[in-house]
Amino acid sequence: MKGPAVVMVGSLLAGWDIHKRQPPQEVAHRPRKRATTYDETITNEETRGGYFANCKLGTPGQDLTLQLDTGSSDIWVPDSVAKVCRDARNGGCSLGSFNPGDSSTYQVVGKGDFDISYLDRSSATGDYFSDVFTIGGATLQNMTMGLGIQTDIAYGLVGVGYALNEAIVGNTQSASSAYPNLPLNMVKEGLIHTVAYSLWLNDLDASSGSILFGGIDTEKYVGNLARINIYPTQRLYTAFIVALTSLEASSPSGSDTLTSREFPIPVVLDSGTTLSYLPIDLAMQVWKEVGAVYSSEFQLALVPCSLGTSQGKFAFGFAGPDGPKINVSMDELVLDLTTDTPPVFGNGRYSGQAACKFGIQNFTSAPYLLGDTFLRSAYVVYDLVNNQIGIAATDFNSTKSNIVPFPSASAEIPSATPVPNQAQATVQPAVTTPAYAASAGFTDIRDWKRAPFGASHLQLYHSLPLLSVMRVIRAVATLNSGRAAAARNGVRYYSLGCRVAMNAAAAPTLRWTARRHFSGSSISRAAALSAAELALKQAKEMAQANMTPEAVAARMSPEEKKRLSQVRNIGIAAHIDSGKTTVTERILFYTGRVKAIHEVRGRDGVGAKMDSMELERERGITIQSAATFADWRKKEDGQEETYHINIIDTPGHIDFTIEVERAMRVLDGAVMVLCAVSGVQSQTITVDRQMKRYNVPRISFVNKMDRMGANPFKAVEQINSKLKIAAAAIQIPIGSEKEFEGVVDLVEMKAIRNDGQRGVNVKVSKEIPAELKELAEQKRQELIEKLADVDDEMAELFLDEQVPTTAQIKAAIRRATIALKFTPVLMGSAIADKAVQPMLDAVCDYLPNPADVQNTGLDKSKQEAPVQLIPYNSLPFVGLAFKLEENPYGQLTYMRVYQGSLKKGQYLFNSRSDKKVRIPRIVRMHSNEMEDIAEIGAGEICAVFGVDCASGDTFTDGGLPYTLSSMYVPDAVMSLSIKPKRSSDADAFSKAMNRFMREDPTFRLHVDEESEETIISGMGELHLEIYVERLRREYKVECETGQPRVSYRETISQRADFDYLFKRQTGGPGDYARVVGFIEPNPHHPEENHFETRVVGGNIPDKFLGACGKGFQEICNKGPLLGHKVIGASMVITDGATHVTDSSDYAFNLAAQMAFRKVFPDAGGQVLEPLMKTTITAPVEFQGNLLLLMNKRGTIVDTDVGADDFTMIAECSLNAMFGFSTHLRAATQGKGDFSMEFSHYAPAPPHLQKELVAKHEADLAAKRTK
């Protein structure tokens, strides 16, 4: 075997020779050093599927042989105490291991943080450490790497790829913690100029080559060295991905241009891969050209070993029509299958011939790979600084060397010319069927008839050591998901995924699959490659509209379409005491989720299922929204279909409106419950506003039809007039009040009654009561007319005076409801167990499934341009965390899955923080109960544990730069001061406050800087009262509450002169300071203070004048009247006197303070109170009430009267606004709302000033007597 005579010249270069041995033997260590150039022998051990380098580690150096990988950045070594190294029966760690105890420079930098896993179920875990590292005679003083303490891998790895693809220390999951990989460390320690290296593998027979750091060798390639771009991964560069844009086959018999639907193809140039992997359609064309046979036994395409002498070749083209082309001949593509006598073909055209594996295989999804079978024919320069690759045809068996170093860190690849028109690389060529003119020339057997793939079988010898097809591959990912198919603590097994149609299959005597491996470190390589795929493939597909909802729907499987069509995500929302929770309890009972019905204020003391909190059951109100799910079996066309319904029961009280807000943010539809007596009420209007804010279609259910005074048609009219949405009844009641027995369905014109215990039996009759027939016809006509106003198809039928069919009416109701133009109104009585089942049928008939609703995200890479999210399981994951809740198992995060699917153990990325998190547990919620599930599909609602996030955070699988708009959070309207009664409860109080703020965005807490009081703010008195009560019950913390201290200010209104002498004798050195001057209002900046000195003659030295200025600042921070800040004051020092021994900074500081305090009353000192700009909105009928209310609190500045509402703007004292929210609700029947913002400070009324000053002086006197 002939090796190259590599001559290393120039400075700041490092080079290694590469040699291959087969069968494997011990690697010879030949370090050589010339000036500042380093080279090292690297051996290609095909049984291990990679290249190996000799290294030394520690002080003194310990010999190890590590696997070299251009596609990885991690470095790790096996610990000598690892079980695999102590297993002499299996050879132990024959390539060496590391003993930390024998190294004096060993230092742990990440205890327990190292973790790398492979898909063949092997792994290594342990510590990250730093130590001295020597390779090729080059010594690096501080190299960080992993130590495999628990490992079943007998050799380590040294990666030289991008540092950001996996080299992360600790669990910070942040790119800022990436440690320098080998080439980056070589730059830091001055061994090479830039992070770049060139790779020359030579041909398969010679098995020799070199990898050169910091330069190129111009004698190792022929022709032009072309420079092409590497594609980024989410604006980061983590893998060597380029665009393969053409592939041609040629032989003595002719040539063919091969095409693929995948062009341009994102491919990774990776020396860590033995074979090359192309799309299925392209690989099968290549196989047909060479006559390859796909073997089900080996799951590989095989060829006769004799084909290695064929004259055929393949030309790989890159970066568009002007890019480089690399010829790969057959002698580089035919590889031994075993290290012993090869198996032979048992039948078919190649019967009796020795079988070899073919160097081009197939894979099912991008990104694809070009491994050693390609790289041996290409000289490649990897430039990790400019993110480019230089590529040219290899000069096989070159014995010359001319090394050209990179002159600087940012220099381009030497001697390389950029490829023009690289933008054309995204152009997809026409897909054609080749004529296979080159096929005969590959085999040179023109008369043989081609056999179909898979028509041959192999006769295998026993105990053959099979050669590893490949070692570490970054490309394993689920379809278009961009995430690796493995977890930190549970690695999934994948075969290579090669599949072809086969007509014949035999039971194999030996089954072997190629395994793809990857690291389980913090930044997944699979994510990198999949995101780069987006840069090539998805950009092209989007441009061709392949990702439109229509295109995705066309590709969606029938099973997926049916699953989506039977999913409903609904909320139950209404005014307080309209019966929402009672309705939900009946839904759960009739769907079989609960076995018995319990009432909100039932005598049994159990309470409704959805009111799981003790406070909710005591008060009979819903405080927190609760999620559940149920399956409803509905008969359609004589068949029973099962609908999966996710339900969120929301509070009705306005103080807990955030619960409704975030529920509406993630729901596809809603049931708006109204009281048959009261109709549309104040919180109904608020709920309507929230539904419109998030475009949530709704059906309306008029509840309490058994109450005295029930009038459903009044509610229908109010929906039309007050909520401004078209509505019509699709049912009329049978009987009223106590005589209410059921409803008449106006769509199908049937009578529906409930029978049996708890109304479990639904009786449907075509016979409508005679007294209701006329009313039913009238209301049905009103329904049709209302639909004609909002639906074009129904309008055409109406204008043509055609009677619509039942199916046409149902379709029109569904279209108009989903389009937010209409709400069908149903009626019943939940407490009486009547007409709830028809409402469930209406949920299935008229509310949308996830595919019917247009959900949009924001693309951060395109300045937050809106993008549509499609509820398809096979698309990249996008989800929204909409609610947080603490429970005994940790933080529970409620999540809506908008796109893709979520699996237990999957890794997600938080779009806000860019943190990577693992999902250890997924549950479905049933109020406060949980049901564990392994996977959740697109369009569903679930809850997950172990995710540290905030409410409103977006999660993706890392493949999409998307974020979702968060929910609207209203401003707090009421505040209280709060403190625990016992100081020992401070820790529990703090823990509770942190929890409450995380769970509820409308609950806020801050500490007032002036009063040092803890202030809590919320949506109203009940809101804050509930949290104070929860503090007492859940945390055993008794608290005192009160009005928060108002931040008053003090100021002066006129000039006053002072002449103050501060003199104090204490036996030793005393204090002496005299200051003369005046104070006056600051005319230029009325909210700022000003200090000035006009002393002449040196009566007060400059150092004491500075002390006077500090004294003035201190007295202004704690004013004379109330101890609040002083604003708008100016102090001028004009004269003074000092003492030889007694004057000091301290004395003049106190003199300035006391002079200001003494003269403050003479300067017209007064108290200022904050005035708030208050904006109030309420219905017009309450204008008079609000005028009376606001005249007592402030000055009305402006009013704006509209058709239905009016807006009033007033300036009010903050002190007068405490408790205002309660008075406003009383004055407007809960229909008014208000907001406040600070306006300015103004003098407080004289009587208030006197009260405040007297109270302050009394407090000071009380403190002095303690």
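Including glycine, each Cβ sits where the backbone N, Cα and C put it.
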Which range is it, out of 241-268, 605-632, 689-716, 773-800, that shows up in TrEMBL as coiled coil?
773-800
Using all protein chains shown, find which of the binding-site residues Lys580, His653 scores highest when you count other CB atoms within 10 A of its CB.
Lys580
Same-chain residue ranges lying at least 6 outside the coiled coil (773-800) that approach it to Cβ under 8 Å:
726-730, 732, 744, 746-747, 749, 808-809, 811-813, 815-816, 819, 821-822
By a 10 Å Cβ neighbour count, the lowest-scoring of the binding-site residues Ala574, Asp577, Thr650, Met705 is Asp577
Confidence summary (mean pLDDT) of the domain 'Tr-type G' (565-851)
90
